[in-house]
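The block underneath contains the structure these notes are about, expressed in structure tokens.
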Amino acid sequence: MGESSEDIDQMFSTLLGEMDLLTQSLGVDTLPPPDPNPPRAEFNYSVGFKDLNESLNALEDQDLDALMADLVADISEAEQRTIQAQKESLQNQHHSASLQASIFSGAASLGYGTNVAATGISQYEDDLPPPPADPVLDLPLPPPPPEPLSQEEEEAQAKADKIKLALEKLKEAKVKKLVVKVHMNDNSTKSLMVDERQLARDVLDNLFEKTHCDCNVDWCLYEIYPELQIERFFEDHENVVEVLSDWTRDTENKILFLEKEEKYAVFKNPQNFYLDNRGKKESKETNEKMNAKNKESLLEESFCGTSIIVPELEGALYLKEDGKKSWKRRYFLLRASGIYYVPKGKTKTSRDLACFIQFENVNIYYGTQHKMKYKAPTDYCFVLKHPQIQKESQYIKYLCCDDTRTLNQWVMGIRIAKYGKTLYDNYQRAVAKAGLASRWTNLGTVNAAAPAQPSTGPKTGTTQPNGQIPQATHSVSAVLQEAQRHAETSKDKKPALGNHHDPAVPRAPHAPKSSLPPPPPVRRSSDTSGSPATPLKAKGTGGGGLPAPPDDFLPPPPPPPPLDDPELPPPPPDFMEPPPDFVPPPPPSYAGIAGSELPPPPPPPPAPAPAPVPDSARPPPAVAKRPPVPPKRQENPGHPGGAGGGEQDFMSDLMKALQKKRGNVS
């Protein structure tokens, strides 16, 4: 050990000597003349070597573990950067691929080539910014899928399910159920299955469905005790099965389904219960002037506050003594906890009041016929008793009021004190039910009336015209058929008359054929004119002019048939002669005269003219007068000329009457 230290010292001294020689050689060659301060250079060298030694010592003292930790941290950071760069490159590739696919599909749908798509893709890749990094969501991992159960576990699970189902069925079987017979106000009954989970509101809803009534808020279940002669209505929140369970097996009690305005009268007119006792004169005026807004505010103040406000009721009532039929008059006060009375010789202060009954375990009932049964002062009684008391008992309290108004106020006040806000909630639920039912009813009536209007409207509109037009058409067609038949019969008679007088036949039709205009224009003008047309005078032969029948008697033939038909000759010249001075007798009387006295008549006029007359040419009354026309035109020419003026006046009056009738009909 001593030798090694000596060797080190020797080596160190040798090194120092060599360093001195080196510095001397460098100073002789390069440096200027020696500096007056050579010891400073030695100091610098000695200082530098000292710093080197200190740095070496510091390196030796430094912890290698810390260096390794730093190195590992640098390596991990580099790896993270590499992984991040790879992710970004993959995202860019996916984004560019999706963009390329969308652009290519759009270009393909528009009919562009692949070159355009490629250029568009490259352009979009250059212009688009890099996609944002995926947000890191701290979402819980989905639960692992359940492991498949073994056969034993499946059997155990199935057994547990069966046990659970059996327990549910057992629980359902334990639910108490009753068959309730509900009496209607028309003496009919409805049977309902009611279980212990149903409230009176549920039973009412079932009855609404069965009876199809209007779901008014006044409908209620009404409980009647014939033995005690008391009755009441169920509150909507009461359990029906619990109440019916208190009845005895041989009871005569009944449940009715009827309307009672007293059930929710306080919510319709709250001023009658809250403001009635503050002043009789003021309350009457207030009751008359109370509007809906004030009623609503009064209800909110009474039922929607921190505590329920019970009506301030107090007054003298008659109390039935226990076990007796005698009644005593006492002064009672209504409070939220019960009814109190003022003992004899005491005041109405709270410390002097005595508790009469509390509302916790009693129900309120109306008394019926208590004046007859219990010798009550009036028939306006109410009763307070426990629900389980079904027969006469000393624990039943009977009170009697002076009038119906006082009775209703006390009964409603007791209900408000007993049920509180629940009563208001029941009313709101009943109103909502009634409003929903009314909306459905209105919707049903609107839907039912909508198809009825178009069905009845056109029906009535069509029946009136169809009832009139067919009748008119039928009458016109019947008249035309009758006229045609009459014309055919007269046509059969006309050739017979013409055969007897052949020499006179050919003269009349051929002479005026070319000179006279066709008659239809004259007839048409007479048709359209309001007054009878004046017939034109024809230049015919013969001294006596025969009268042409008025145009009103002749149906105007349509223009085409008489012009185009060569078989129909024009009317005779005598047709246009002035009216005669006499009125020809009716056609039936001429039939016998024509065969013996009359000269040969001219050829018959065209008989089928009345047949083709259209229905719209003339009104039905004018057409009805057409049948007698052919006989007049045949037989008038045979009369000698000359007639009186009185007959002409008669003819003109007849024409005016017919024209007036036509105007009334049209």
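Placement of Cβ uses the backbone N, Cα and C atoms for every residue, glycine included.
As recorded in Swiss-Prot, the features of this protein are as follows:
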- 129-148: compositional bias 'Pro residues' (COMPBIAS)
- 453-478: compositional bias 'Polar residues' (COMPBIAS)
- 483-504: compositional bias 'Basic and acidic residues' (COMPBIAS)
- 547-589: compositional bias 'Pro residues' (COMPBIAS)
- 598-631: compositional bias 'Pro residues' (COMPBIAS)
- 176-263: domain 'Ras-associating' (DOMAIN)
- 310-419: domain 'PH' (DOMAIN)
- Ser55: phosphoserine (MOD_RES)
- Ser526: phosphoserine (MOD_RES)
- Thr528: phosphothreonine (MOD_RES)
- Ser531: phosphoserine (MOD_RES)
- What are the DSSP helix, strand and coil residue counts for the domain 'PH' (310-419)? 23 helix, 38 strand, 49 coil
- Message: Treating G and I as helix alongside H, and B as strand alongside E, what does DSSP give for the domain 'Ras-associating' (176-263) in helix, strand and coil?
- Response: 18 helix, 34 strand, 36 coil
- Task: Average the pLDDT scores across the domain 'Ras-associating' (176-263) and report the rounded value.
- Result: 92
